């Protein structure tokens, strides 16, 4: 009986570990944490100025990615790989 219970515990742990998916904050508003699709194991925050930057601030994009998005000269890009590691910059402590 103990062997069966131990086997079930090990199988459960292995199955849960194989099924791990990352949680990232995503835009557009409202900003919610969502499960990333398989293969997308990074969270990212991308910020840039558009034509209305002086009046409303930078455009902020949050999401999941398989690789860190390319950074253009006028953009700020941050990537991370833990659950909910990309909060909206205005909401960071």
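Glycine residues also receive a Cβ, built from the backbone N, Cα and C atoms like all the rest.
Swiss-Prot annotations:
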SIGNAL    1-21  signal peptide
DISULFID  24-43  disulfide bond
DISULFID  36-64  disulfide bond
DISULFID  49-53  disulfide bond
DISULFID  68-79  disulfide bond
DISULFID  80-85  disulfide bond
Legend entry - Cβ neighbours within the same chain of residue 53 (disulfide bond) - under 8 Å, at least six residues apart: 59
Legend entry - All-chain count of other Cβ atoms within 10 Å of residue 43 (disulfide bond): 27
Legend entry - Least buried by Cβ count (within 10 Å) of the disulfide-bonded residues 24, 36, 79: 79
Inset, instruction - Let me know the DSSP-derived helix, strand or coil state of residue 80 (disulfide bond), please. - result: strand
Inset, instruction - Quick one: pull the CA-CA distance for residue 68 (disulfide bond) versus residue 49 (disulfide bond), whole Å only. - result: 20
Legend entry - Shortest C-alpha distance to residue 36 (disulfide bond) - which of the disulfide-bonded residues 24, 49, 85: 24
Inset, instruction - Give me the Cα-Cα distance between residue 80 (disulfide bond) and residue 64 (disulfide bond), rounded to a whole Å. - result: 10
Inset, instruction - Compare the Cα of residue 64 (disulfide bond) against each of the disulfide-bonded residues 24, 79, 85 and report the nearest. - result: 24
Legend entry - Conformational class of residue 24 (disulfide bond) under the three-state DSSP mapping: strand
Legend entry - Coarse DSSP state, helix versus strand versus coil, of residue 64 (disulfide bond): strand
